[in-house]
Structure formats: C-alpha cells, structure tokens
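Undergrad: The structure under discussion is supplied below as structure tokens; questions concerning it will follow.
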C-alpha cells in the first residue's frame, strides 16, 4: 500500500462515489445489526426508548449509512494522495481483475489480536478496584448478538477509524510537507487512530462499569492493541484486510468467548 497511484480526477471521483455508496449501504445494515447488542449492554436505555425497536433500527441505520458514507467518500478521495485504499473492493465494484489480498494473514492477525486482548484482560481484571466488583457483573448479550455486532466493528468502525481518520491524519502530513508521507507519518496515524478507537468505547463502557482510572486504561489499551494491528493491515494490505481482521477478532471476543464461558458455567 506504499505506492501512490494517480488517476484522472473525474475517473477517480466516479469510482470513489460508487464504492462509497456500497460502503454506505453496508454501514447502514451494520448499524442496524449492532443496535440490539448495544441496547443489551444498556438495559436502562432500552427501557426508555421513545420509539419501537424496528423504527429505531431504521432511523439509526439511515443515520449511520449517511454519516459513514460521507466519511467513506472523504477517506477514499484523500487516500489517492497517500496510497491508502480498498483495492480489492474497488476492483470488485468496478468489475476489474481482483488483486491478491492477504486474507489468511488478516484472519490470523485478527485472532491473534483477540487472544492478546483476552490475555491482557486476564492480567488487568484481578486488579480492578473493589468498587468495580461491587458494581456487579456486566450484562452478557450472548453469542448471537455478538455475531451481529461483529459486522459493525468490521464495517462501521473501520470506515470511521481507518478509512477516514487514519487516512486524514496521513493526508494532513503529506499536505503539510508537500511530499509523500514517510513511514513515521503512517505509524503516528496508526497509533493515534488506535488510541481514539479505544477511547471511543468509553461511552458504552460507562453504562457497564464506573469509569475509574483503571477501567479507562483497560478499555483504551485493549482496544488500541487491536487498533494498531488493524491500522498496520490497512496501510500494508488494504482496507479489506483490516476489515477481515477486525471481524475475526470480534468473532473470537463476542462469539467464541461467550460460547466457551457459557460451556464452562
């Protein structure tokens, strides 16, 4: 993903709009899919819903599709300048020959990230404060809802954090220097996007636990660990690899782990 490919503006823009439209539809469906999982973590919010669940899912889907579609078009346009793209999906949408993608590498990286997160939590959780333990066990949405939520992680979060934010950070550096960005610029963008990815999980975490210092560190570090892996894959292998790795990690964390813990109970 280091090579910067320039195309005529009109051709590139037409392709970007078409691909962003596909991303917008996928993001809308993913936003609808994650809602039952999110509300299962926040029963007090679900009890006060102003509209029915189907209506809320439709509204959230439309909002998510529009917002993430706009982020996608911005990220795709900026990506031409800095060599970041979704080459396999672009070729698929434009009906061109499909390039090679490191699918197996992505799956293995995602699984390894999830196992590293589980290991990190096994080390941190025994040190959580008494107040956290007194707060009670968090709600357990279950493997089925976890599977639905995994699609949002792979699609929605990757469009936000990698395609848009990480690309934007690298693009800013390239524009400032008036030159192709260095490897350091990509790494800075990877780490910043990963930390913000972790911080983005704090609002949901606040509905589950009190946000003590250790809880904040736990949430940010665990998610940033995976975010760095996804960012590197986006840079070196393409957005598709980051999406697949994210999906694989979420399957381990939100599907396989609950099933395993349920079998032990």
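Cβ from N, Cα, C; glycine included.
Pulled from TrEMBL, these are the listed features:
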TRANSMEM  20-42  transmembrane segment
TRANSMEM  62-80  transmembrane segment
TRANSMEM  101-124  transmembrane segment
TRANSMEM  136-154  transmembrane segment
DOMAIN    145-251  domain 'CAAX prenyl protease 2/Lysostaphin resistance protein A-like'
TRANSMEM  184-203  transmembrane segment
TRANSMEM  215-235  transmembrane segment
TRANSMEM  241-261  transmembrane segment
Undergrad: Can you name the far-off residues of the same chain, 6+ from the ends of the transmembrane segment (241-261), with a Cβ under 8 Å from a Cβ of it?
TA: 37, 101-103, 105-107, 109-111, 113-115, 117-118, 140-143, 146-147, 149-151, 153-155, 157-158, 162, 226, 229-231, 233-234
Undergrad: DSSP helix, strand and coil counts for the domain 'CAAX prenyl protease 2/Lysostaphin resistance protein A-like' (145-251)?
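TA: Summed by class, the stretch gives 93 helix, 0 strand, 14 coil.
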